[in-house]
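*Asks:* First the structure, which I've put down as structure tokens, then a few questions once you've had a look.
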């Protein structure tokens, strides 16, 4: 079997190449050798990237929006337009994925299951938040005091302690509250609603804590 150098001398003697052709061939040969000598390196993902791939964090292009056209169709809607209507209750939605999640309220479907405790959820985001009870992860940190939270919404509510913001206002008396839940409880003063009932004396109460 002839060596590479022998074959090279033989071809040089039989084929006449221009300087440009010779330079191009040499450059191509160097590139091939570089590829052969340097195996492709696989980019290592950071831990946060790996977690985002493993977790079903986004419903887009899965069972809710299997096609890219679904996103395109939703993006061309005019402001306030809600073309997707629930056949069960008539509620309308702007996004096709939103009505799919909503319909699980009627069907009882909970396709996202925790691998640690078996609890199921209607939305992937709820499963991600729940898993933090097992891992202890609290990724949302307050810049003012350093306190950490499992949910971004919890951090938003906490931040109002520092800012003094009370965005929820009672339409009856004008009193403001930091949380919507606090406003909901307050409104019972005006409406007289008492949704909690004692099973012993049958007395109705406005707060769950009064049952204890």
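Placement of Cβ uses the backbone N, Cα and C atoms for every residue, glycine included.
Quick paste of what TrEMBL says about this protein:
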COMPBIAS  1-12  compositional bias 'Basic residues'
COMPBIAS  14-25  compositional bias 'Polar residues'
COMPBIAS  33-45  compositional bias 'Basic residues'
DOMAIN    84-111  domain 'C2H2-type'
DOMAIN    112-139  domain 'C2H2-type'
DOMAIN    140-167  domain 'C2H2-type'
DOMAIN    168-195  domain 'C2H2-type'
REGION    1-89  region 'Disordered'
*Asks:* Counting by DSSP, what is the helix, strand and coil composition of the domain 'C2H2-type' (84-111)?
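*Replies:* Counts, helix then strand then coil: 12 helix, 4 strand, 12 coil.
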*Asks:* So what pLDDT does the domain 'C2H2-type' (168-195) average out to?
*Replies:* 95
*Asks:* Mind checking how the domain 'C2H2-type' (140-167) divides into helix, strand and coil residues in DSSP?
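*Replies:* Residue counts for the domain 'C2H2-type' (140-167) by secondary structure: 12 helix, 4 strand, 12 coil.
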*Asks:* Under the DSSP assignment, what numbers of helix, strand and coil residues are found in the domain 'C2H2-type' (168-195)?
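*Replies:* DSSP classes over the domain 'C2H2-type' (168-195) add up to 12 helix, 4 strand, 12 coil.
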